[in-house]
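Got a structure for you, written out below as structure tokens; questions coming shortly.
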Protein chains: 2
Amino acid sequence: MEPVILITNDDGVTAPGIRNLIEAVKDLGKVVVVAPDSPQSGMGHAITIGKPLRLDAVDIFEDIGVEAYQCSGTPVDCVKLAHDVVLHRKPDICLSGINHGSNASINVIYSGTMSAAMEAAVEGIPSAGFSLCDFNFDADFSIASKVAREVAERMLREEMPEHFLLNVNIPKVKAKDFKGIRICRQADAKWAENFDKRKDPRGRDYYWMTGKFVNRDKGEDTDIEALNSGYASIVPVRVDFTDSNVKKWLEKKYPDFN
Amino acid sequence: MEPVILITNDDGVTAPGIRNLIEAVKDLGKVVVVAPDSPQSGMGHAITIGKPLRLDAVDIFEDIGVEAYQCSGTPVDCVKLAHDVVLHRKPDICLSGINHGSNASINVIYSGTMSAAMEAAVEGIPSAGFSLCDFNFDADFSIASKVAREVAERMLREEMPEHFLLNVNIPKVKAKDFKGIRICRQADAKWAENFDKRKDPRGRDYYWMTGKFVNRDKGEDTDIEALNSGYASIVPVRVDFTDSNVKKWLEKKYPDFN
């Protein structure tokens with residue numbers, strides 16, 4: 001039977017990145033798209049619980065013969081609705097993206113793209129999020145599309161470990177400078193915020209979030225290092241957040257907690 | 001020097017849970033509160049990037065001598081603003097909650113309470129999120145308050161490992177049935193969604209998210225099992241999401257990814 005490939009993103013159903021992803025994999029199975037009706041960058045793993053959701057069929061990918069729905073909620077809502085309302089079954093794999101901008105390192109926790117893929121992985125659907133390190137609306141997705149297809153083919157070819165989830169980032173490089181795909185760990189980096197304080201026309205303060213990405217990790221096996229060297233990075237991601245090392249430390253330190 | 005304790009939550013600055021947390025720890029240091037101005041449950045690790053933020057001093061905890069600010073953004077925004085705009089330094093510890101409702105097991109990824117604590121941990125601030133397994137607005141927070149104080153005291157007493165982050169959940173039990181605190185791992189559970197489809201007055205479909213919590217994990221060392229047995233559960237949480245086991249599996253399986 002033809003595999004079912006669920007595709008979603010966080011930049012919204014009209015973003016060039018999702019069309020590139022669909023075109024890259026559409027001959028590998030039956031592709032169904034359920035994506036937000038508006039940009040949802042930075043939504044993390046948000047879900048919509050206080051208000052109802054809309055879900056509507058759209059003909060935006062009719063030209064390439066792909067069924068698509070737009071949803072008023074977050075990327076995670078899209079995956080939940082896709083499973084329960086659109087497909088009435090688990091898709092065989094879930095692909096999210098291609099995001100306009102990096103989700104490497106700590107960005108995994110803010111990213112709607114990765115949260116959608118993570119939601120699918122929690123459900124037991126092998127999943128991958130793809131992000132191109134280029135924020136431009138008219139970025140060149142050709143290398144990213146090839147990487148996405150390569151990864152999707154392998155995910156469909158054989159059984160993956162339980163809760164399988166990949167964070168795949170693609171560098172902004174010319175084809176001749178692209179070095180290949182590398183398996184990495186998440187770099188220990190963070191955003192150093194610097195809020196821009198302004199006054200509104202009524203004299204009241206407001207703040208714009210700005211920030212600088214700070215990589216504290218000098219390791220050669222990180223996603224940031226791979227991207228800087230011209231490789232696409234693959235970081236396998238856990239949905240069990242338990243820190244086993246700290247668990248052991250606590251058990252030893254506090255034997256009265258048992 | 002007196003330690004600075006940052007307190008936030010996701011139920012909003014007026015929720016009873018945050019007042020209980022403040023009262024439980026306020027004599028342990030200088031407490032500063034930066035919390036959302038409205039409920040933010042289920043916001044996960046969302047950040048506000050497309051619009052500006054408001055941050056205003058409020059006198060809601062003046063009766064107990066505690067400085068407080070409300071923010072128009074998400075719990076993660078609160079932590080970022082607290083660091084950069086309110087305190088102009090790292091607090092010594094960050095406490096989030098006490099949440100009205102469980103954040104055990106997979107709820108850690110949807111929880112604004114835990115995302116606020118996680119944001120602080122990324123920044124290198126030892127952090128803990130506290131959640132009481134009782135959704136009632138007028139729930140009894142007395143056991144939860146004692147647990148929060150006990151944990152905060154230990155976090156202040158000595159140095160914790162890097163990126164220290166605890167997910168602490170407290171069962172809804174009477175004092176006589178409370179068994180103590182147990183260090184656990186995150187149970188492998190999920191929400192099985194069942195969207196409630198309705199028609200609006202104009203005949204258009206809309207959906208309410210409903211779901212059932214499904215625990216697939218029979219282990220005796222999980223947070224769910226501890227809570228069911230009358231214990232408060234502590235799960236140490238990672239901010240490095242790399243799955244080392246799957247990384248090894250991939251490296252062996254796909255030597256061409258290197």
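We number each residue from 1, going along the chain as drawn.
Keep in mind that glycine also has a Cβ here, set from the backbone N, Cα and C atoms.
Keep in mind that TrEMBL annotations are predicted by a computer and have not been checked by a curator.
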Looking at TrEMBL, which one out of A:Ser41, A:Ser72, A:Ser127, A:Ser142 binds divalent metal cation in the same site as A:Asp10, A:Asp11, A:Asn99?
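TrEMBL names A:Ser41 for this divalent metal cation site.
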List the other residues in this chain whose Cβ sits within 8 Å of the Cβ centroid of the divalent metal cation site residues A:Asp10, A:Asp11, A:Ser41, A:Asn99, in sequence order.
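Once A:Asp10, A:Asp11, A:Ser41, A:Asn99 are set aside, the remaining close residues are A:Asn9, A:Gly12, A:Ala15, A:Gly17, A:Pro39, A:Gln40, A:Pro75, A:Gly97, A:His100, A:Gly101, A:Ser111, A:Gly112, A:Thr113.
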Among the binding-site residues A:Asp10, A:Asp11, A:Ser41, A:Asn99, which sit with their Cβ under 8 Å from a Cβ of chain B?
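Out of A:Asp10, A:Asp11, A:Ser41, A:Asn99, A:Ser41 lie under 8 Å of chain B.
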Pick from A:Asp10, A:Asp11: which of these binding-site residues has the biggest number of other Cβ atoms within 10 Å of its Cβ?
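Per the Cβ count, the most surrounded site is A:Asp10.
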I want to verify one value. Collapsing DSSP to three states, which class is A:Asn99 (divalent metal cation binding site)?
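Strand, per DSSP.
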A:Ser41, A:Asn99: which of these binding-site residues has the sparsest Cβ neighbourhood within 10 Å?
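With the binding-site residues A:Ser41, A:Asn99, fewest surrounding Cβ atoms within 10 Å: A:Ser41.
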